[in-house]
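Student: Could you have a look at this structure, given as structure tokens, before my questions?
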Amino acid sequence: MRFNTLDDMDLAGKLVLTRVDINVPVDGDTVTDATRITRIVPTIKDILAKGGRPVMLAHFGRPKGAYVPEMSLRVTVPALEQALGQPVNFIERPDRATLDALPEGTITLIENTRFSAMEEANDPKMAGFLASLGDVYCNDAFSAAHRAHASTEGVARLLPSCAGRLMEAELSALEAALGAPQRPVVAVVGGAKVSTKLDLLGNLIEKVDTIIIGGGMANTFLAAQGVQVGTSLCEHDLGDTARAIMQKAAAANCTLILPGDIVVAAEFKAGAANAVYDVDACPADQMILDAGPKTVETIAATFNTAKTVIWNGPLGAFEIAPFDAATVTAARAAAEETQAGKLISVAGGGDTVAALNHAGVADQFTYISTAGGAFLEWMEGKTLPGVAALEAAKPA
């Protein structure tokens, strides 16, 4: 994969349209989690250091092409100023003359791009208008790269364009995980339903050596093999699909690891009475809520011989103890191998990030993607419009 970075760009004296993701949670007028804001700081600082004037483009919420006061980006300005250590100039209705008049060192934020219906329609008129506001385009919003919108794809084809530092790090990590990985490659795929991971499994089978299947979706595969799963969450209607996936994996010489032992309970609540059974001995009135200790030992041993791990989804109902044990123990095993320099570990997806934070190891993986849908679509092998536009772009 080839794309320009900030290192390839001459930014001195130029207005740099910078697409960021600052779609952060708020409570009234206060940002409650500034993680996405702090992650864009290196890009903004580097643009300033190279003599450019960053003009940030971003969306906030889903206003559906209308002006919604509660979805104004103005609410993010205090958090941006705190993270960046300097004032941020907020402009509701930008024009080139106003931006040209800004002194060197100015950071600007333009109002919510989704206040115009032309944004999500990737309307050429809006892309052209945005392009008229800058000299260079920098995309630092991998999390929005799977959307072909005017501010993520359209404008990138009209200006010299590059990836910001966060985008660069994300693409480099994903390339290391799936593009040209060190082998053996192990994928952990968990979550509640097989139906949401069909494209993902189909793509991974062709690219990795082993897939560990956990969470509720493992029950569907077990049932497809004739295993009784009691009252567990299970998509029984996808039995044929699960069997087809297993056949495809066998043909591709991709090993599938399913739970060999299970943790069951009669109800899903904190501290519920639970027991460990071999996978073929699940009581009819119980539900599978986690993988058992023998399965976790198998997973840890698999990590021990792997060179690359890609993780998407928890191994059990990690939100409630004690059904978090498999996810926590396996995550710590992967983190330990990573910290020892033996493993490249890349993880992403909302539940995955929450699970790794719960295990206390999110900062011990090689890379944690907070991109959500874009991360999943990348793992599914789909083309991301925002990334494709950067690959086709010319440097400044």
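Here the Cβ of each residue, glycine as well, is placed from N, Cα and C on the backbone.
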Student: Which one, R147, R157, R165, is listed by Swiss-Prot in the same substrate site as D21, I22, N23, R36, H59, F60, G61, R62, R114?
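Tutor: Between R147, R157, R165, Swiss-Prot records just one in the substrate site with D21, I22, N23, R36, H59, F60, G61, R62, R114, namely R147.
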Student: To which of the binding-site residues G61, G349 does the lowest count of other Cβ atoms within 10 Å belong?
Tutor: G61
Student: Counting Cβ atoms within 10 Å of each candidate's own Cβ, which of the binding-site residues D21, E319, D351 comes out highest?
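Tutor: The largest 10 Å Cβ neighbour count belongs to D21.
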Student: Going by Cα-Cα distance, which of the binding-site residues (E319, G350, D351, T352) sits nearest to H59 (substrate binding site)?
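Tutor: That would be G350, nearest by Cα distance.
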Student: Give me the non-local Cβ neighbours of G350 (ATP binding site): same chain, 6+ apart in sequence, Cβ-Cβ under 8 Å, ordered along the sequence.
Tutor: G372
Student: In sequence order, which residues at least six apart in the same chain have a CB under 8 Å from the CB of K197 (ATP binding site)?
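Tutor: Listed in sequence order, they are V189, G191, M217, N312, G313.
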Student: On a simple 10 Å Cβ count over all chains shown, which one of the binding-site residues N23, T352 is most densely packed?
Tutor: T352
